[in-house]
Amino acid sequence: MAWGCPGPWMSRPGSCPTSWASCQKQAQQVLGAWWSCRSKGRGSLLPQREPSTARKRAGEAAEWKPSLQERETLTPHPLMSASSMSSFLYYALPALGGYILLSLFFLRWPRLLHVARNPAFRCQLAAHRGGSGERLENTMEALENSMAQRSDLFELDCQLTRDGQVVISHDENLFRQSGLNKNIQDVDYEDLPLYREELEVYFSPGQFVQGSDRKMIRLEDIFQRFPQTPVSLEVKVEDEKLINKIATLVKHFGRSEITIWAAEKNSVMKKCHAANPDMPTSFTVIRVIWLLLMYYGGLLPFFSIRERFLLCFLPTIINRTYFPFSCPAMNRLTAALSKRLIMRKSLIRHLEERGIQVVFWCLNEESDFEVAYRLGATGVMTDYPTALRHYLDNHPQQPNQSNSDR
């Protein structure tokens with residue numbers, strides 16, 4: 001008897017002839033019903049046998065269709081789900097742990113991946129607006145006073161007059177400084193008014209300063225008077241003519257390495273860097289956000305950083321000497337969030353190890369000096385260079401001193 005042929009019992013009178021396709025369908029029905037009962041908690045596993053051959057032949061397709069649909073909608077086997085999850089965790093957890101350890105290792109020792117830059121100068125004492133707490137801001141007298149305190153850096157803002165002269169002024173409009181309600185770009189340099197006799201110190205509310213020198217000065221005058229003094233030049237507007245004028249002056253006086261591009265907007269910084277790529281740059285607002293995301297995501301050690309300076313406000317001065325918002329509640333919220341995000345010793349140490357100098361602004365009290373240097377900052381920007389020089393003379397700061405023991 002050949003394989004696949006019907007046996008003798010199938011050819012006996014009264015027997016129920018069954019095809020091979022019907023056997024397959026019956027097996028599928030049994031398995032499907034068993035798994036369905038197992039998933040739904042039913043007791044019966046075997047389908048009911050049909051009462052007659054005629055009924056089976058008449059409604060075979062309709063009778064078996066629901067069983068097939070039911071088999072298609074079965075829930076996954078719980079043992080299979082648990083096994084898949086276990087396999088995933090078996091590989092994912094060690095990979096995650098290895099990534100965290102590797103990130104922490106290179107965060108602490110970044111020089112294994114990156115070559116530290118050798119800075120042209122090191123900034124411990126930066127004079128904000130030339131030292132606006134002791135002399136009238138952005139005047140030659142203020143700069144001379146700051147140099148007497150051995151300032152490492154002048155922080156200045158640039159504007160362009162109508163006749164194309166680059167002048168030093170924080171405000172675009174002249175009203176706060178001189179009482180004339182005109183923009184600098186609408187006035188020729190020779191027609192610029194004198195400063196007021198008394199100006200309020202912005203980061204020391206209620207404090208006023210006076211000075212004998214009330215004349216607004218040009219950037220060219222500063223380069224001629226202080227040829228070797230580092231300067232940070234902030235550009236607040238996307239003015240290509242102003243940016244190109246600054247870049248030309250810097251190249252003319254051969255001081256690209258000691259003149260820093262500074263800007264809040266990324267679009268302005270891109271134009272500045274394109275005008276003179278040899279000048280070091282500082283972080284813009286968007287780049288600071290990127291820096292924090294990379295730091296908290298563990299990716300910072302594996303990315304290159306083009307900036308050489310992080311000029312950042314110290315969060316503890318918000319709601320004390322710095323009020324970025326008119327709403328006190330917003331200021332308190334900003335102070336709390338920025339304190340948790342920015343004041344991280346490991347972040348500052350990592351930047352320092354990679355040759356990126358961290359300078360906190362604008363600190364005018366000794367308690368704030370102490371906080372900044374304890375965090376490991378390179379330097380402090382202040383309106384009172386005399387006070388900061390006195391602090392540094394009594395608390396000498398060596399390069400990476402605050403980081404070496406952590």
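Cβ atoms here come from the backbone N, Cα and C positions, even for glycine.
As recorded in TrEMBL, the features of this protein are as follows:
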- 57-72: compositional bias 'Basic and acidic residues' (COMPBIAS)
- 123-392: domain 'GP-PDE' (DOMAIN)
- 42-72: region 'Disordered' (REGION)
- 88-107: transmembrane segment (TRANSMEM)
- 288-305: transmembrane segment (TRANSMEM)
Exercise for review: For the transmembrane segment (88-107), find every same-chain residue at least 6 residues outside the stretch whose CB is under 8 Å from a CB in it, and list them.
Suggested key: 113, 298-302, 346, 350
Practice item. Quickly jot the same-chain residues contacting the transmembrane segment (288-305) by Cβ under 8 Å, restricted to those at least six beyond its ends, or write none. Key: 99-100, 103-104, 106-107, 110, 113-114, 312, 341-342, 344, 347, 350-351, 354, 356
**Study point:** Mean of pLDDT values spanning the domain 'GP-PDE' (123-392)
**Key:** 95
